[in-house]
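Below you'll find the structure, written out as structure tokens, and then a few comments.
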Amino acid sequence: MTGDGIPPRKTGLAHFAAAASYSAAGLKRLAQESAFRQEALAGLAILLAMAVLGASVGEMLGFFALLCLLIAVEALNTAIEVVVDHLAPKEWARFAKEAKDLGSLAVAMTITAIGAYLLWVILA
Ligand SMILES: Nc1ncnc2c1ncn2[C@@H]1O[C@H](COP(=O)(O)OP(=O)(O)OP(=O)(O)O)[C@@H](O)[C@H]1O
């Protein structure tokens, strides 16, 4: 069932263009999250530092890939928070706590993976 405000399904090139515009809208929404802004800023600063300190292109690409993964996890975490806040806007609910805590764990594990990677780059 399609609601009034939901855009109709597209195919081919129109689908690709529409998906790109939805992703841009998602990035605009994610930019409202301070956690995302801090991570993006720190990521760019680390990339710059790697370039200045003479990291290889491969090492920088590895970090960039992990940074993209962190942004993807942060986007999914924000999506979970949006749905949870819609379903349990004011009241305490076990499902809300578990969903948000799990999303938080996913972000923390991704940041840990980036930390481990940077340690490897520094020690290698
Ligand atoms: N409706 C709720 N019911 C029960 N526990 C909740 C509820 N909302 C939030 N929590 C708990 O409070 C914690 C913090 O919630 P909050 O909404 O501030 O999310 P967050 O993980 O700090 O995300 P962000 O800082 O990105 O908004 C959650 O991880 C969860 O444990």
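Cβ atoms are placed via backbone N, Cα and C, with glycine included.
DSSP assigns Glu74 (active site, proton acceptor) to a helical segment in the three-state reduction. The active site, proton acceptor annotation in TrEMBL covers Glu74.
Annotation source TrEMBL lists ATP binding site at Tyr22, Glu33, Glu81, Lys100, Asp101. Residue density at Glu33 (ATP binding site): 15 other Cβ atoms are found within 10 A of its Cβ, drawing on all protein chains shown. According to DSSP, Glu33 (ATP binding site) sits in a coil region rather than a helix or strand.
What TrEMBL records for Glu33, Glu81 is divalent metal cation binding site.
For Arg37 (substrate binding site), the same-chain residues 6+ apart in sequence whose C-beta sits under 8 angstroms from its C-beta are Ala31. The substrate binding site annotation in TrEMBL covers Ala35, Phe36, Arg37, Gln38, Glu39, Glu74, Ser104.
The transmembrane segment annotation in TrEMBL covers 40-57 (among others). Beyond the ends of the transmembrane segment (40-57), by six or more residues, the same chain brings 63-64, 67, 70-71, 118, 121 to within a C-beta distance below 8 angstroms of the stretch.
Taken from TrEMBL, the feature transmembrane segment applies to 63-84 (among others).
Residues or ranges marked as transmembrane segment in TrEMBL: 105-123 (among others). Beyond the ends of the transmembrane segment (105-123), by six or more residues, the same chain brings 35, 39, 46, 50, 55, 59, 62-63, 66-67, 69-70, 73-74, 76-77 to within a C-beta distance below 8 angstroms of the stretch.
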Cβ-Cβ neighbours of Ala35 (substrate binding site) (radius 10 Å): 13
Length of the line joining the Cα atoms of Glu39 (substrate binding site) and Lys100 (ATP binding site), in Å: 19
